[in-house]
Structures are given as structure tokens and as C-alpha cells.
Protein chains: 2
Amino acid sequence: MKMKCTISYDGHLFNGYQVQPGKRTVQAELEKALAILHKSEDKVPVISSGRTDSGVHAAGQVIHFDTPLSIPAERWPYALNALLPGDIAVKTAEHADDGFHARFSAIKKEYRYFVYTEKHPDVFKRHYAYHFSYRLNVQKMREASEHLIGTHDFTSFCSANTEVRDKVRTIYELDWTDTDDGLQMRIVGSGFLYNMVRIIAGTLLDVGTGKFSADDVKGMLDAKDREAAGRTAPGHGLYLWHVYYDN
Amino acid sequence: MKMKCTISYDGHLFNGYQVQPGKRTVQAELEKALAILHKSEDKVPVISSGRTDSGVHAAGQVIHFDTPLSIPAERWPYALNALLPGDIAVKTAEHADDGFHARFSAIKKEYRYFVYTEKHPDVFKRHYAYHFSYRLNVQKMREASEHLIGTHDFTSFCSANTEVRDKVRTIYELDWTDTDDGLQMRIVGSGFLYNMVRIIAGTLLDVGTGKFSADDVKGMLDAKDREAAGRTAPGHGLYLWHVYYDN
């Protein structure tokens with residue numbers, strides 16, 4: 001039986017999603033809980049829609065795994081949440097078709113980036129939003145965002161430490177919402193390169209302060225050079241929000 | 001010079017506000033930061049509006065201290081926040097009259113208690129709201145709250161472990177708001193006994209589930225016996241929200 005689950009995690013005490021020897025990771029905790037549930041010495045491998053970096057959160061990460069257990073789908077979150085640490089929670093579980101794959105079946109992903117601009121730090125947001133206490137011109141940030149929407153080579157917006165060759169991706173939606181609680185960037189794309197969302201957020205914040213113009217961002221895309229774009233915004237403001245599948 | 005500051009803290013890694021030998025407390029961290037700022041071997045004593053328990057948060061705790069330093073009032077938050085750990089922040093600072101006392105000058109205090117009732121735990125709220133996944137009749141909780149408003153002997157709503165003799169207090173406001181994010185109890189009173197807000201919150205939640213009726217709460221007041229009232233709700237849902245002074 002193949003199970004598909006939506007999970008959330010608070011990234012701040014994890015060394016990212018993916019298993020790394022000797023480090024606390026989300027995947028390792030999931031596989032540990034599943035091994036207990038399966039009373040198994042062997043690992044129950046968990047496949048996710050993709051890794052997230054250290055400190056990055058997930059509101060709607062999707063995973064799949066195979067299981068011989070005949071637990072009803074709606075009981076899976078209770079069974080796993082009882083075994084998982086408090087900073088990981090299973091939100092939903094459902095039986096999936098054999099052909100389903102958390103990573104390869106994904107057609108779009110949505111990330112959100114949270115910023116707050118209050119003068120003084122907010123203790124309740126210190127791990128959950130980026131404190132950037134500069135005056136921001138959100139209108140300019142929206143204009144710059146328009147240049148990034150569509151299908152482009154995002155080499156300038158990708159960490160230089162990557163082995164991926166094809167850096168063409170499609171951004172379907174990219175907008176900024178100004179709320180009482182701060183600024184929120186919402187980005188939906190076909191897929192994202194390493195650090196791409198954080199470099200986009202950092203660069204657009206630099207547009208907000210006036211360091212770059214909206215048109216500069218168009219030039220950054222054309223440059224195809226990581227040095228051309230702005231800063232990588234810190235991981236703790238970033239949330240993997242939703243993974244879209246066909247069904 | 002007497003300084004009055006509004007501070008906030010995330011209570012989850014503190015053993016409460018008040019100094020205790022060998023434990024991490026808010027007061028100890030404040031006094032440590034002030035000693036560094038004053039380049040002083042001696043403690044700079046900090047007086048608060050009152051202690052808060054382990055795990056309890058503050059959005060608007062008020063403190064005062066005396067200082068020979070001539071730092072402009074608006075610079076104090078920057079100076080202290082640079083020295084404080086990330087889970088304490090000074091929000092505002094002002095010069096206070098010699099007669100001001102963070103505790104004795106306070107005329108009213110406001111606490112808020114946050115509850116969320118989703119089926120599964122929310123990783124982002126695990127230290128910041130009480131997960132109580134029962135169906136709640138908020139109308140009944142509001143009716144019961146009405147019985148508590150006014151001047152009463154709150155013996156039944158006070159931890160038995162207290163040395164305070166006079167247990168008469170006045171509650172000016174007590175209401176429940178139902179938001180997208182969960183339930184919020186707001187309580188404003190002349191002062192609160194040990195665990196009083198948490199026992200009120202726990203008892204009113206028990207009214208919400210139907211364990212007690214709204215009228216039962218009136219009987220609890222009359223009983224003047226801690227055993228008569230309901231549970232003490234956990235500390236991590238509680239926030240010292242605002243301290244009111246005359247000026």
C-alpha cells in the first residue's frame with residue numbers, strides 16, 4: 001500500500017530535511033517513527049517532494065512511503081504524530097496510486113517568505129520570519145517581481161554550488177502581500193533551483209530598499225551569473241507551503 | 001534616572017520570570033545585560049510588574065530600574081537588545097518619575113490565553129498556544145465568563161500553594177474571541193492570584209466541552225475551595241499582554 005501524507009515541520013532545530021549522518025533531520029525522524037510503527041529493524045524509506053535547507057519550515061511538505069500495514073488512512077496522522085517529535089506533524093494521509101511519487105508527480109510548488117519590518121525584534125518571530133527593519137517600497141518590489149514571472153534561465157538566482165545543468169524554470173505566480181503581521185512573498189513555480197526562492201526574496205528586498213531598481217532585476221536574469229543578483233535571504237523566513245499534483 | 005521599559009519574552013526556554021539559583025530566568029538575563037551595559041560588577045536590580053511562571057510568555061511585561069547612564073530613552077531598546085538573548089526583547093523605554101514602581105504603580109493587568117482546536121497538532125504553535133481538540137461551545141463559555149466579571153473572592157481560582165491571604169480581586173473584562181487562528185481569552189483585572197488566569201481558562205474550557213455548566217461557575221466562586229473549580233490550563237498558552245498605569 002502506498003501512503004501519501006502532507007506534513008509540516010518547524011525547521012529551526014533541524015539540519016534540513018534530508019538525512020545526514022550524525023545530524024537531526026526531518027527525514028531521519030520520519031523514518032525512525034515509521035520503523036517503530038512497523039516494528040521493523042529495517043528502514044522504511046520516505047520520499048519527499050524535495051529537500052528543504054536547514055532552518056527552512058514546511059506547512060505543506062508531501063511525502064510518500066510503502067507500507068504493509070492496514071491502518072485506515074484517517075488514522076495514520078494520529079499513529080505517526082504520537083511517535084514524532086513535536087516539531088514535525090502529519091496533517092493529512094491518504095492512499096495513493098502505485099504510480100504516485102512525491103517528487104516526480106509534483107507539477108508545481110508554492111513557497112512563502114515572511115518578513116517583518118518592525119523597529120525592534122519580535123521574540124515570537126525570531127525563528128519564523130526575517131527581521132528586516134528598513135523602509136520598503138512594496139510597489140517597486142511588485143514591479144520587479146513581474147520581470148521574474150514566466151519561463152526564464154534562473155542561473156543568476158541559483159546558488160553557484162549546484163550540479164543542476166538546466167536552469168530554466170517557470171514561475172507562475174509571484175506576489176507580495178502587506179499584512180498587519182508583516183510582508184509575505186508568495187511564489188508558485190514549476191520547480192526551484194538551489195536557494196532560488198531565498199535569492200529571489202533577498203534581491204526583491206534589495207529592490208524595496210532602493211539598492212536595485214525593478215529594471216535591474218531584468219538585467220540580472222540576462223546576466224546568467226549568480227554575482228549579478230542580490231543577497232540570499234535567510235532560511236528561517238522560508239516555508240514550503242504547498243505541493244501541487246495532477247489529481 | 002529611573003527607566004521604565006516594556007519588554008516581551010518567549011517563555012518556553014525560561015524557568016519563569018523571577019531569579020532562581022542555577023536556572024535560566026528572564027530577570028537574570030535582564031540583570032546580566034544591564035550589568036554589562038553599566039560595566040558593573042554589581043547587579044543592577046530590575047523590578048517587574050510581577051512574576052510569570054515557567055513557559056508563560058509576555059507581550060507587554062513592564063520593568064523599571066535605576067541607572068546613572070545618560071542614554072537617550074529611544075536608544076535604550078537598541079542598547080539592551082544587542083546584549084539580550086533572542087527570546088527577550090525591549091520594545092519601548094522611557095524616563096519615569098521617581099515615584100514610579102513597575103509593580104506598585106500598576107492599576108490593571110491584561111492577560112491573554114490562546115487555544116487552538118484543530119484535529120492535529122500545529123508545529124508552529126506547540127509552545128505558543130494550547131492544543132485542545134474538542135468541540136467547544138463558545139457561547140456557554142461566554143455565559144460562564146459573565147459570572148466571573150466583577151469583584152469576588154477568587155479562592156477557588158487560586159493555586160492552593162499560595163501565601164496570599166486576601167483573595168478578593170476585580171475582573172473588569174473577560175471575553176473570548178473566535179478567530180481563524182483559534183480561540184483567544186482576554187482578561188483584564190486589578191491583579192491576579194497565583195495560577196488564577198490559568199485556572200479560569202481551564203475551567204471555562206471545561207464549560208465549553210460541557211463538563212460544567214455556566215451556572216456551575218457561579219457555584220465554584222461561592223465554594224471558596226480550589227477543588228471546586230476546573231483544571232489549570234498549561235502555561236504555554238498564556239501571555240502577560242499589557243500592564244496599565246495611571247499616566
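Glycine is no exception: its Cβ is also placed from the backbone N, Cα and C atoms.
For A:8-104, A:144-246, the entry in TrEMBL reads domain 'Pseudouridine synthase I TruA alpha/beta'. The active site, nucleophile annotation in TrEMBL covers A:Asp53. For A:Tyr111, the entry in TrEMBL reads substrate binding site.
Most Cβ neighbours within 10 Å among the recorded positions A:Asp53, A:Tyr111: this distinction goes to A:Tyr111.
When DSSP labels each residue, the domain 'Pseudouridine synthase I TruA alpha/beta' (A:8-104) comes out as 24 helix, 23 strand, 50 coil, counted as helix, strand and coil in that order. Cα separation, the residue listed as 'substrate binding site' to A:Asp53 (active site, nucleophile), rounded: 13 Å.
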